[in-house]
Amino acid sequence: MAHSWVEIDLAALRHNYSRAKERLAPGSRILGVVKSDAYGHGMIPVARELVACGASFLAVSKHWEAVDLRAAGIRLPILCLLGVEPSEMAEAIRNEIRPVIYRIDHARRLSDTARSLNATATVHVKLDTGMGRLGIPCRHLEAFLNELLTLPAIRLEGVLSHFASADEADKTSSTLQLTRFREAMALLSARGLSVLGHIANSAGLLDLPQAHFDLARPGIMLYGSPPSLELHKPADLRPVMTFKSKIIQLKDVQAGQPIGYGGTFVTAAPGRIATIPVGYDDGYPRLLSNRGRVLVRGMSAPVVGRVSMNMITADVTHIPSAREDDEVVLLGAQGTERVTAEEIAQLCGTISYEIYCSIGRNRFKSFHNGIANSN
């Protein structure tokens, strides 16, 4: 039996997909984002579920993720958001992976590689409409197209960009990005090019229906978290991930007992301390030392002392029914209580995305359809 494990609720994933689909503007389709092991939720099982739900495309960040999806039998069009390196191009073409292109030298190499394979490489061009990160500046798009369209083994299927702050209440920046993206799409249309346009992430899908174009790219909302708490039109989402462990020891302690490294917590009165075999090695943030909480027998118990590499301690004095080997929920629901990724993220000064990715590295992961497996 594992000391800790992650449970993934595929029924919740399907529910969240349906909420995304309900928000789609007419004519738009879903491109499901499964990069970074589906935000820690398990890329291949999640991808299979999204295929069954009717997604039209999938997106990953890295080439090897796309190759793994193909090896798992996923035939849906797959977009590689970071593009592919020259050493990966032949494999990408053979696997019909769609690289995102933002460098003309890579486009040339890709075309040459495709010609050598007697094939065509299908690509999407990335525009920087204001995020300042990855992509061709809009003012350079026409010159980029002038060369790209001369490459004999390249098929331009799509153009994409990415919102920098669609998850904020103030949509000024997003509106400017949207204007620039529309202008780019108009330029393509004027040249007789019919391509797929996509810019909407989860926040764009929820709050900016005018940004849906041909595809929308939900990511975090598929996994049950809102992109932020500032959205004008939040959705009814269900968390997909639960993180569990168990009590491996219960200890009665006297007043004045230091707990954990450095004795940063000292008991003020006699009580009971539960030791739980989870630590920062398992993705449980050290920043939750003396700040976090876990669920035991449907009740909240504060984390006391420092989070160490493989263990934490919780004060269960107020839960007299607690027993050794009892299930502990570190993320998710137990009874009527719930610890959310947003709560953990706020305590750690980060975002839910990072919490999911960290916890999702746990090697013991099970998948269920609304009724969790026993461990």
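Numbers here mean position along the shown chain, with the first residue as 1.
Including glycine, each Cβ sits where the backbone N, Cα and C put it.
The active site, proton acceptor annotation in Swiss-Prot covers Lys35, Tyr261 and is backed by sequence analysis. The annotation N6-(pyridoxal phosphate)lysine is assigned in Swiss-Prot to Lys35. The substrate binding site annotation in Swiss-Prot covers Arg133, Met309 and rests on sequence analysis.
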Can you tell me the CA-to-CA distance separating Lys35 (active site, proton acceptor) and Arg133 (substrate binding site), as a whole number of Å? 18
Where's the emptiest Cβ shell within 10 Å among the recorded positions Lys35, Arg133? Arg133
Between Tyr261 (active site, proton acceptor) and Arg133 (substrate binding site), the C-alpha gap once rounded to whole angstrom: 41
Within the same chain, the residues at least 6 apart in sequence whose Cβ is under 8 angstroms from that of Met309 (substrate binding site) are Gly279, Tyr280, Asp281
